[in-house]
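Undergrad: Questions regarding the structure given below will be posed in turn.
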Amino acid sequence: MPSQLTAHRSSALAGKVRAPGDKSMSHRSMIFGGMAVGVTTVEGLLEGDDVLASARAVEAFGAKVERTGEGEWRIEGAGGFKTPLSVIDCGNAGTGVRLLMGAAAGYPLTATFDGDASLRKRPMKRVTGPLADMGARFGWLAAEDRVPVALTGGTLTGIDYVQTVASAQIKSAILLAGLNAEGVTTVTEPEKSRDHTERMLRAFGAEVVVEEQGEGWKITLKGGQPLKATHVAVPGDPSSAAFPLAAGLIVPGSEVTVEGVMLNSLRTGLFDTWIEMGADLTIDNRREAGGEDVGDITARYSQLKGVVVPEERAASMIDEYPILAATAAFADGVTVMRGVGEMRVKESDRISLMVEGLRACGVQVEEEPEGFLVTGGPVQGGATVATAHDHRIAMSHLILGLAAEQPVSVLDPEMIATSFPGFVDMINGLGGEID
Ligand code: S3P
């Protein structure tokens, strides 16, 4: 991939495409398959760099991992992880490193986890803290709260953990450790976060009890439950589908359909928000696939209007605020996005990078500590935007550039391959102009 990509004002986009496999489910299928006894088969796996790093990790922990076709993988779990001979390099993947630390903590092993420059800046104590309370030991090798970190796993005891932020990564790490802990582990969430771990643990034969509690829920898991290999069909990623759909909404005359998109309601906050903004977004062919609701989504060009995004919706669209902001730049009026401080600890500080990038393109944006406000109108573009190697920042600005007056370039776009390897070809195949 070149060191920068440029999106040009495009004429109407049209066509049907298929979203790449869901990243959250792809990581989980690799990790659970690696922990299980027997052969797990996966179809529709996202073959992005983040998931491939998880595949290499479970291999290093002792599983046999093999690609058997496009998106088709076979994972032969050894029924437990062993000490790896080399450092576990999770690349750019926060989900990978946090879930793998939870999974590994319950086995008698030592392992060092590391990642790229972006991952080395992200907070890890949110996961190592509760895992240490369960009995795992961690040694920071460079700086506290950051990878590289050395883990010594072993005999764990279940805990009752009450989360302060709704985070599926923290919840999942604790539940995976709880599988091999003595006694019962519970995780209570203030608001519901994505529940792929709970659903997939059940598919792998574990008993998981979920009780509603206020706005959130309490998840209970008994220790000493071995996972049994199974087949996982990974549906399309709504977080990736968002990009071609956004292009459909903002480029005049467009009609874009993305087929096979997962519609788990804990992931679809962006689609609800777009509909409130007046988007012509329709969902057809609703069905079930891989234990999830799935459908085909069509986006037609729409003159959007600004809205206040309810703060309690944040967990169901936390990765989607960058692309929401890009579409809000074309809306009438102001779009208010608050209660999203977590955006600052993703692959980059996504609030600050979106504010900088949109402003460089002539968009009026106001930054707050835990949010930002975008005032829509015609978008000038004509800028080269820094992405801090963040895939979603790069893709959001490229989509913006398809409808801006002047071209928009993004620096360091290679990270797009972490979640959406075919992004440029897909957008150009629909009639967009990115080069
Ligand atoms: C993910 C959970 C979210 C999300 C990330 C994937 C997951 O992070 O941002 O891209 O697969 O569990 P948090 O759980 O930290 O909010």
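Cβ from N, Cα, C; glycine included.
Just so you know, TrEMBL annotations never went through curation; they're auto-generated.
So TrEMBL lists these for the protein:
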{"type": "ACT_SITE", "residues": "Asp319", "note": "active site, proton acceptor"}
{"type": "BINDING", "residues": "Lys23, Ser24, Arg28, Ser167, Gln169, Asp319, Lys346", "note": "3-phosphoshikimate binding site"}
{"type": "BINDING", "residues": "Lys23, Gly94, Arg122, Gln169, Arg350, Arg392", "note": "phosphoenolpyruvate binding site"}
{"type": "DOMAIN", "residues": "10-425", "note": "domain 'Enolpyruvate transferase'"}
{"type": "REGION", "residues": "1-22", "note": "region 'Disordered'"}
Undergrad: Which ones in the same chain are close to Arg28 (3-phosphoshikimate binding site), with CB under 8 Å and 6+ residues apart in sequence?
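TA: Same-chain residues close to Arg28 (3-phosphoshikimate binding site) (Cβ under 8 Å, separated by 6 or more) are Leu99, Ser172, His196, Thr197, Met200.
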Undergrad: Out of the recorded positions I have (Arg28, Arg122, Asp319, Arg350, Arg392), which ones have their Cβ sitting under 6 Å from ligand 1?
TA: Asp319
Undergrad: Within the chain of the residue listed as 'active site, proton acceptor', which residues six or more apart in sequence place their C-beta under 8 angstroms from its C-beta?
TA: Ser239, Lys346, Arg392
Undergrad: Consider the binding-site residues Gly94, Arg122, Arg350 and say which one has the Cα lying nearest the Cα of Ser24 (3-phosphoshikimate binding site).
TA: Gly94
Undergrad: Check each residue in the chain of Arg350 (phosphoenolpyruvate binding site) that is at least six apart in sequence and keep those whose C-beta is under 8 Å from its C-beta; list them in sequence order.
TA: Tyr321, Pro322, Met343, Arg344, Asp390, Arg392, Ile393
Undergrad: According to DSSP, does Ser167 (3-phosphoshikimate binding site) fall in a helix, a strand, or coil?
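TA: For Ser167 (3-phosphoshikimate binding site) - judged by DSSP and reduced to three states - the answer is coil.
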Undergrad: Under a criterion of Cβ-Cβ distance under 8 Å and sequence separation of at least 6, what residues of the same chain contact Lys23 (3-phosphoshikimate binding site)?
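TA: Sequence-distant Cβ neighbours: Leu46, Gly48, Asp50, Val51, Thr95, Asp237, Ser239, Ser240, Ser419.
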Undergrad: Excluding near sequence neighbours, so keeping only residues 6 or more apart in the same chain, what lies with its CB under 8 A of Arg122 (phosphoenolpyruvate binding site)?
TA: Gly94, Arg146, Val345, Lys346, Glu347
Undergrad: Under 8 Å Cβ to Cβ from Ser167 (3-phosphoshikimate binding site), same chain, six or more residues apart: give me those in sequence order, or none if nothing qualifies.
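TA: Expected: Arg126, Ser193, Glu342.
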Undergrad: Greatest CA-CA distance (Å) over the residues Lys23, Gly94, Arg122, Gln169, Arg350, Arg392 that the record ties to phosphoenolpyruvate?
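TA: Largest Cα to Cα distance for the phosphoenolpyruvate-binding set is 19 Å.
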Undergrad: Per DSSP, Arg122 (phosphoenolpyruvate binding site) is which: helix, strand or coil?
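TA: It is coil.
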Undergrad: Within its own chain, what residues at least 6 apart in sequence put their Cβ under 8 Å from the Cβ of Gln169 (3-phosphoshikimate binding site), listed in sequence order?
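TA: Same-chain residues close to Gln169 (3-phosphoshikimate binding site) (Cβ under 8 Å, separated by 6 or more) are Gly94, Thr95, Arg98, Leu99, Val127.
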